[in-house]
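Taken from TrEMBL, the feature domain 'ABC transmembrane type-1' covers A:64-272, A:356-544. Taken from TrEMBL, the feature transmembrane segment applies to A:21-47, A:67-87, A:99-122, A:142-166, A:203-227, A:247-271, A:299-326, A:360-380, A:392-413, A:425-447, A:468-493, A:525-545.
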Amino acid sequence: MSSAVTVRPAPRRGWRADSFTGVRVIVWLVTAGVVLTPLAAMVALAVQGDQFALLGSEDVVVAARNSVVTSLASAIGAVAVGTYLAIVLDHTDLRGRAALRLFALSPMFIPPFVGAIAWLGVFGPTMGVNRVWSDGFGAPLWNIYGADGIIFLLTVHSYPLAYLIIGAALRRIPSDLEQAARIAGASGVGALRDVTIPLLRPALVASFTLTFVSNLADFGIPAIIGLPERYYTLATLIYRSIQSGTVAAPLSVVSTIGVALLAMAVVAALLDARVNRQHTELDSTAVVRHRLDLAGARLPLSALTWLAALAITVLPIVALATQAVLPAPGVPLAWEHLTLDNFGRALGLRSTQVGVRNSLMLAGLAAAICAVLGLLVGLVTTRTRARGNALLNGLAILPQAIPGTVIAVGWLIVAPTLGLFNTPWLILVAYVMAFLALVVQAVSAPLRGIPVTLEEAARASGATQTRALFDIALRLAIPAAVTGGAMVFLTAVRELTISALLRSPGTQTLGVAIFDLQQAGNYNASSALSLLVTIVGLLGIALLAGRERN
Amino acid sequence: MSRRFAVSLAGLALVGLSACAGGDAPAASPAATDGAGDAVSGTITLYTSEPQAKVEELIAAFNETHPDVTVDVFRAGTGDLTARIESELATGEVQADVLLAADAPTFENYKDQDLLMELDVDTAGLLEEVVDPEGFYVGTRVIPTVIAHNTTAITTAPASWQDLTDPQYRDQIVMPNPDVSGAAAFNAAVWLLNDDLGEPWLTALAANQPVIADSNGPVSQAVASGAQPVGIVVDYLVRDLADAGSPIAVSYPSEGVPYVYQPVGVFANTDAEAAAMAFADWLVSSEGQQLAVEQNYLPVRTDVDSPEGAPAMADLELMEFDLAEVQQRRTEAVELFNRLFQ
Amino acid sequence: MAGVTLAEVGLTYPDGHTALTGVDLEVADGEFVALVGPSGSGKTTLLRTVAGFLAPSRGTVAIGGEPVASPGAGVPPEGRRLGMVFQQHAIWPHMSVGANVAYPLRRARRPRAEIGERVTEVLALVGLDGYADRNPATLSGGQRQRVALARALAPTPRVLLLDEALSALDEPLRDQLRVELRSLTRQLGLTVIHVTHDRDEALALADRIAVLDAGAIVQVDTPERLLHEPATPFVAGFLSDATLLPGELTDSGFVADEHPLRLARDVVVGPGRGSGTLAVLPGDVVLHEGAPGGEEGRAEVVSSLYGRTASDVIVDWHGLRLRAESDGRPVVGARVRPEVRRALFYPDVAGTAG
């Protein structure tokens with residue numbers, strides 16, 4: 001068409017370069033604002049509030065000890081279960097591995113607080129298994145309330161992530177390393193012990209740190225399983241302090257506790273970094289994967305693993321379903337008593353409907369904002385050279401190592417100043433901060449993998465640097481950003497920890513609505529809603545399974 | 001309704017004139033006996049500790065009379081509500097227009113802080129005990145705390161508070177946490193001040209190691225499911241569960257029952273005074289009280305019958321107490337409770 | 001040291017794919033045998049069956065006269081006292097060089113002092129004196145492969161298995177290690193089974209070579225005999241790039257099917273008469289330039305690669321791609337007249353024809 005399109009005046013190019021500087025500045029400001037504002041406010045208030053003496057008070061010390069004990073024990077448990085699963089599922093000839101993997105991953109698709117409600121139906125003092133056991137043996141088998149129950153549930157809900165991390169690392173270990181050990185005289189188990197597991201160490205530490213920090217922050221499980229026995233963790237203590245006015249200056253108290261939590265998370269992150277510095281480089285290899293022959297142990301191990309995976313998937317669903325179809329507690333499970341009223345009643349509640357609407361809206365907006373911001377952060381940090389890129393990347397990923405409770409407390413403190421108090425946007429910004437890392441990590445690898453030559457070809461074809469960045473790298477990374485955004489949505493839509501602390505009239509999320517029903521003692525209705533959430537989650541697995549098959 | 005109300009309504013009507021002229025069906029208030037078709041409108045935020053399902057029914061019924069008032073609800077335990085109001089006061093002003101929650105001392109406290117507006121409701125026919133003499137709040141339902149028991153596990157129900165200190169109930173009792181439940185905190189103070197019970201009884205009860213559940217809801221659930229076959233709990237929840245089929249029954253202890261009457265109050269800074277007053281007034285009206293009874297509450301009106309299975313208001317032994325003293329010693333009672341029941 | 005005997009070894013994977021069928025192979029004590037064959041021919045499968053990573057579905061494997069595998073029974077890899085070097089060296093990155101080499105000795109529960117001595121000794125043997133404390137990550141590819149060799153040799157294995165052990169290395173280094181490997185194994189009198197896809201490497205190193213095709217051994221022989229007397233057209237084609245073409249051998253000579261090639265009986269090596277396959281080794285073809293003669297004798301050069309000893313030339317001769325060695329470097333497109341001075345004839349065996 002016109003020649004103006006092909007002849008580009010020089011000044012225009014200069015302006016374009018400036019426009020990317022503009023993008024960089026905006027990305028920096030937004031990221032730093034979203035991540036640093038609440039943290040700075042929390043630390044400042046803690047220092048100012050001078051409540052550090054409080055850290056020595058009995059309540060806080062006990063809660064801190066409980067937090068450390070439950071998070072540590074569950075993180076160790078999760079890593080142990082994850083390692084076991086990675087080895088038997090990805091490394092041996094166990095029977096039915098593909099189906100078993102889906103069952104074993106099922107807790108990941110169920111929000112932890114829903115899991116707590118469900119397992120309460122299994123191991124509550126007079127529920128499910130304990131009811132049967134009491135009838136037969138006179139005393140309950142195991143009461144889930146208290147520390148052991150919290151550790152159990154945190155383990156159940158964090159081992160799938162540990163398994164995914166460890167399994168991925170295991171698949172990267174060339175199988176000839178283990179075969180060399182076999183030839184050298186080590187048994188199958190010996191080769192695992194001497195070669196494979198030592199090589200997994202970075203993955204073991206990474207999964208330990210991740211599950212430790214997320215379990216440290218988890219609110220739903222200790223609230224549902226711990227509070228009835230007055231077993232407080234820092235997360236539930238913060239919630240109690242804010243929601244029940246049990247302390248005089250709740251915000252400065254919780255900010256002090258928040259700083260303590262933050263310190264724990266930082267220690268975990270430092271440990272992780274220290275171990276990862278001494279990581280070993282692995283050569284890739286074309287050797288065919290070789291599975292460990294379990295021989296005589298194959299049948300018993302298969303049976304045991306299947307039994308455990310089925311129990312973990314099926315028991316809570318059965319318990320939820322049982323409670324959901326019974327009209328009231330204490331009503332025996334019999335055909336004539338079954339009813340679907342709980343579903344109708346729970347779904348008919350305005351609080352539920354508002355919760356669903358809020359959750360969908362907040363998760364959708366958080367996903368969209370994180371996708372765009374995360375893509376831009378990834379673009380800036382991987383495709384341009386500038387001092388501070390590493391810092392920007394670190395800033396965006398930082399919240400992943402911060403307990404959700406701390407994020408919520410930070411935002412709670414700055415909310416009045418920003419005019420966000422009592423609005424849903426408070427939860428939204430906290431979500432963006434908490435989940436931005438998901439998108440940044442999802443887009444970084446593909447962005448880094450795009451050959452520079454693709455952009456150079458665009459430059460050679462007449463595009464400015466900015467133009468080339470947007471037309472080539474950004475376009476190519478959009479699918480990854482969409483995937484990352486979807487992960488944000490799925491995480492946020494079932495979230496409880498942040499929204500429970502940041503709730504205000506009319507801004508309750510679905511998680512909070514279910515939690516409220518549970519707290520108010522309406523177990524039948526909360527079970528009905530939980531069951532629906534669980535079924536939606538399991539449909540997610542089915543979808544995943546379908547995609548894997550393709 | 002009073003003249004003052006009508007005046008303010010007129011002002012409101014001016015503002016909302018265009019909306020009214022828009023031809024909204026005004027006949028949607030068939031039960032309106034007063035106000036003669038004046039449609040109150042506006043949006044109010046209600047802070048309440050009523051159970052979610054009940055408050056939603058309540059608003060639906062209220063909206064039959066006042067279809068143009070939108071009620072936004074924030075439901076939480078009384079403790080959570082007072083904490084929220086406190087933090088709102090610290091950072092600005094109270095977001096709620098109406099507070100409908102457990103106990104009078106909380107309202108006394110807010111009255112002293114000049115946070116409440118004098119109510120403009122018709123108090124004729126109400127129990128004397130539930131009306132604030134100064135007119136800043138009024139009770140909306142009588143909620144006694146009683147002894148509930150699981151009918152499968154317990155054959156002879158405990159008949160008095162003293163019975164609960166019997167060693168046979170060791171590890172068998174469940175009760176709410178006064179840190180969370182306003183009613184529980186109130187009860188703690190009433191028991192402490194009662195001459196027959198007092199600290200010795202609380203100490204003896206603590207020796208039986210009751211399970212402390214968060215609030216009344218989980219207590220009733222625990223009793224119904226048999227986790228702990230005996231519970232100290234508000235009476236309407238027991239009737240709710242029994243209606244739904246749970247093996248649970250209620251007994252009203254012989255020493256009398258501590259009770260709260262779920263007062264309603266309007267915050268002084270409300271920007272929807274007319275709607276807020278209409279809501280408060282409706283709560284204690286005959287229709288409002290009919291609904292309360294349907295929801296298993298004891299009514300505050302003498303001209304409305306108690307729910308089925310509950311004693312008539314005249315036969316109910318209420319524990320006597322001095323409100324000012326209860327309010328004064330409430331914190332002390334909660335602290336004592338926490339120390340004893342830790 | 002010990003010999004390896006495979007008798008009637010067959011291996012069928014659970015998915016029904018047959019990887020080995022009826023393999024008989026006798027590797028004598030101290031012998032260096034190479035396994036070659038196209039990819040998928042089963043050479044790696046055979047090696048891994050000897051190592052114990054795969055269990056044969058049929059037949060038996062014996063090492064030093066002791067049966068180590070038969071259907072339903074087998075000694076696991078760690079019980080076979082073998083040494084093995086993998087293509088990607090498989091050095092454990094979390095252990096030092098010394099710890100890598102010491103590992104098999106520790107598994108064999110040798111005394112600590114002996115282990116230290118032996119590690120020093122084998123590292124010296126592979127030319128890595130003083131490397132015991134090094135982190136493998138600081139070594140070059142060739143050095144890592146030497147560590148792998150030292151680790152395999154440390155426990156004085158009965159048989160040394162080499163799985164493409166030199167293939168991952170670059171050319172000059174590979175040649176150097178090839179020389180060292182040959183002298184080292186001969187000096188130690190090691191029994192070696194060496195899998196490689198590099199024909200020259202097999203010819204250079206092995207006492208005998210086993211050629212595999214489709215899971216079966218086609219020929220086991222010395223390098224010389226394999227080159228000059230390939231047992232089948234496949235061996236001639238695979239090892240020597242022979243050109244294969246069908247035709248009929250009579251007392252008067254060979255007549256190609258649908259091709260002008262005719263050969264007198266005396267240049268055709270091979271028994272019998274009738275239809276069969278003719279294999280023409282590149283070295284037996286002479287290309288005459290600008291040659292006269294009939295249209296039938298003409299061919300065109302389509303590819304010409306220069307080499308150290310001769311150019312590797314392919315000519316198109318009436319549709320037949322004939323491979324030849326030539327002293328000069330014929331130009332692509334040049335007209336030449338090929339002359340076949342010697343050819344091998346393999347009569348069709350009943351059942352394999354067509």
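Backbone N, Cα and C define each Cβ position, glycine as well.
If you look at the transmembrane segment (A:392-413) against the transmembrane segment (A:247-271), you find at least three C-beta pairs under 8 angstroms, all six or more positions apart, and that counts as contact. Taking Cβ pairs closer than 8 Å, the transmembrane segment (A:360-380) reaches residues 23-24, 27, 30-31, 386, 389, 392-393, 396, 424, 427-428, 431-432, 435-440, 442-444, 447, 469, 473-474, 477-478, 481-482, 484-486, 488-490, 492-493, 495, 499, 509 in its own chain, all 6 or more past its ends. Contact count against the transmembrane segment (A:21-47) (Cβ pairs under 8 Å) is highest for A:247-271, out of A:67-87, A:142-166, A:203-227, A:247-271, A:425-447.
When each of A:67-87, A:142-166, A:247-271, A:299-326, A:425-447 is scored by its Cβ pairs under 8 Å to the transmembrane segment (A:203-227), the top-ranked stretch turns out to be A:142-166. Same-chain residues lying 6 or more positions outside the transmembrane segment (A:142-166) and placing a CB less than 8 Å from one of its CB atoms are 66, 69-71, 73-75, 77-79, 81-83, 85-86, 89, 104-108, 110, 112, 115-116, 119-120, 122-125, 129-130, 200, 203-204, 206-208, 210-211, 214-215, 218, 221-222, 225-226, 228-229, 231, 233, 312.
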